[in-house]
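The compositional bias 'Low complexity' annotation in TrEMBL covers 379-393. TrEMBL lists 403-416 with the feature compositional bias 'Basic and acidic residues'. Residues annotated as domain 'Cation/H+ exchanger transmembrane' in TrEMBL: 18-319. Annotation source TrEMBL lists region 'Disordered' at 379-420. Under the heading transmembrane segment, TrEMBL lists 6-30, 37-56, 62-79, 91-112, 118-138, 150-171, 177-200, 221-250, 270-288, 300-317.
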């Protein structure tokens, strides 16, 4: 007993030490923008039995599973179910359906060539999105908020949740019928749990829970952990993946959330990302079979390429034209709007316009707008928010030009506008193909 306790404490200390050192290393390597998840997994490989053998993964297996549960609890808690009635959710489902069809065709061809023996597991593996690994990266880069967040989270949730459901039905140890019954039972249980707060709303129990959420009792956090462990136990007893139970727990918690949601968010982040989730990632690195990866790197590279094509390409093609930028504006329309605005500002100034092809709002908007035009500015303040000149400050036309305008006929105006449109089109094509700095045509 004493030896097992000593081994467990030693392993836990090593894992927590790796988790504590990781933010420091990431800060020192900020130039390379290395995600913390990658460093945690690599640290687990180093301290695990494959390299230094400083920690035993079996002694921290329970804490690692709880960390996995917290990770998907937070994923389900972040997800708004209403997003699946909106464009983001519908596009995510369409992208996953296309992925399934493409995975079936690709894996079927590989099976016909004798390269794949287990058709269903490999095909489902190609349709999966590792939302648990992506979620910390997305949170660190502030990509879950705003108008862009639902597209990312919906695609990740569909790519994580639906393959787990398919695995429970097609690869369950108890058969397809039992797997389907287990899923339905889990859904009914989640529905009943989501209705629990309505039973005690406005009563004494609700008041006690609300008053104790910031005291030493920490009622909301304790009930959150109890909910998570309950659904983890139920999922495990039904032969389902614990990821499914944790994700459902997060969805239920979203319905349970009290009035002070921000306080609960901070507590969950502190407990999850501060302790349990890093243990899971380090434990995952400790469990990697590095020897098999080194012996057959081509097979791993082939799987990565297939995953990129089968899962990444349909998602990109389905969501990229419709997803907004990180500032909430549609990518292609924003690019066209910026070009129009900068062209107008270039007309009102003698300074040349700069056609920057290095930093467009979205790379897929280049087809609709080859150059992203911004006007050079003399000061940082005007570069950040250039103010177009108003009618009161804009200089009027010269007397000669004014008299020339007065004698123009409607036919001459139409010819003049057509010539300006042709000149602007030619200038845009020249800017897109030749120069980084170009001068727009001056129109009368």
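Backbone N, Cα and C atoms are what each Cβ position is placed from, and that goes for glycine too.
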Stretch-level contact, the transmembrane segment (118-138) and the transmembrane segment (62-79), CB cutoff 8 A, at least 3 pairs: yes
Distal contacts, the transmembrane segment (62-79) - CB-CB under 8 A, six or more residues away: 12, 131-132, 135, 144, 153-154, 156-157, 160, 224, 228-229, 232, 242-243, 245-254, 257, 268-269, 271-272, 275-281, 283-284
Per Cβ pairs under 8 Å, the stretch of 6-30, 91-112, 150-171, 270-288, 300-317 packing most closely against the transmembrane segment (37-56): 270-288
Residues of the parent chain within Cβ reach of the transmembrane segment (300-317), under 8 Å, 6 or more residues beyond its termini: 92, 95-96, 98-99, 102-103, 106, 125-129, 155, 159, 293
Stretch with greatest number of CB pairs under 8 Å, the transmembrane segment (270-288) reference, 6-30, 91-112, 150-171, 177-200, 221-250 candidates: 6-30
Outside the transmembrane segment (6-30), six or more residues from its ends: residues with CB under 8 Å to it: 36, 39-40, 43-44, 47, 54-57, 59-60, 63, 275, 278-279, 282-283
